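Visitor: Relevant sequence annotations retrieved from Swiss-Prot are reproduced here:
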type	residues	note
TOPO_DOM	1-10	topological domain 'Cytoplasmic'
TRANSMEM	11-31	transmembrane segment
TOPO_DOM	32-56	topological domain 'Lumenal'
TRANSMEM	57-77	transmembrane segment
TOPO_DOM	78-122	topological domain 'Cytoplasmic'
TRANSMEM	123-143	transmembrane segment
Amino acid sequence: MAFTFAAFCYMLALLLTATLIFFAIWHIIAFDELKTDYKNPIDQCNTLNPLVLPEYLIHAFFCVMFLCAAEWLTLGLNMPLLAYHIWRYMSRPVMSGPGLYDPTTIMNADILAYCQKEGWCKLAFYLLAFFYYLYGMIYVLVSS
């Protein structure tokens, strides 16, 4: 059982994916609160917007790590979400800060539903990725 760079990448990905799972859960709860009018859109967008860039950077860091470790299957599984993150960030509303959510448009029913679906899809992806990274870490540690 040897400790390789690929094993380190999977271990770090496990820890950071747990963080991304909490981000996705926070995202889902925040949009549910908006849907049920528990919180106003300005406050909610002010708490959600600072989480966007760290989430995207953590995921991009995964992709760079797995590229350097030559874990091609793992990189291939992460590329669609990375491409979506890049597209989503490039097509964000024009604002003064680096966020995605505009308080003036977030309460539109279609945008709110889209953001909720996005949160659930990301939660599913991060949960599946967490268990895949766990499997990959064990496989790399045992096989080398």
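Sequential numbering from 1, following the chain as shown.
Even glycines carry a Cβ here, placed using N, Cα and C.
For the listed features, I'd like the structural context: burial, neighbours, distances.
Guide: Mean pLDDT for the topological domain 'Cytoplasmic' (1-10) in the predicted structure: 85.
Using a Cβ-Cβ cut-off under 8 Å and counting only residues 6 or more beyond its ends in the same chain, the transmembrane segment (11-31) has close neighbours at 39, 44, 47-48, 51, 54-55, 58-59, 61-62, 65-66, 112, 115-116, 118-120, 122-123, 126-127, 129-130, 133-134, 137.
Same-chain residues lying 6+ beyond the ends of the topological domain 'Lumenal' (32-56) with a Cβ under 8 Å from its Cβ atoms: 20, 23, 26, 85, 89, 95, 97-104, 106-107, 112, 116.
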Visitor: By DSSP, how many residues in the topological domain 'Cytoplasmic' (1-10) are helix, how many strand, and how many coil?
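Guide: The composition, in the requested order, is 6 helix, 0 strand, 4 coil.
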Visitor: According to DSSP, how is the topological domain 'Cytoplasmic' (78-122) divided among helix, strand and coil residues?
Guide: 27 helix, 0 strand, 18 coil
Visitor: Residues of the same chain, at least six outside the topological domain 'Cytoplasmic' (1-10), with any C-beta under 8 angstroms of its C-beta?
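Guide: Residues 65-66, 68-71, 133-134, 136-137, 140-142, 144.
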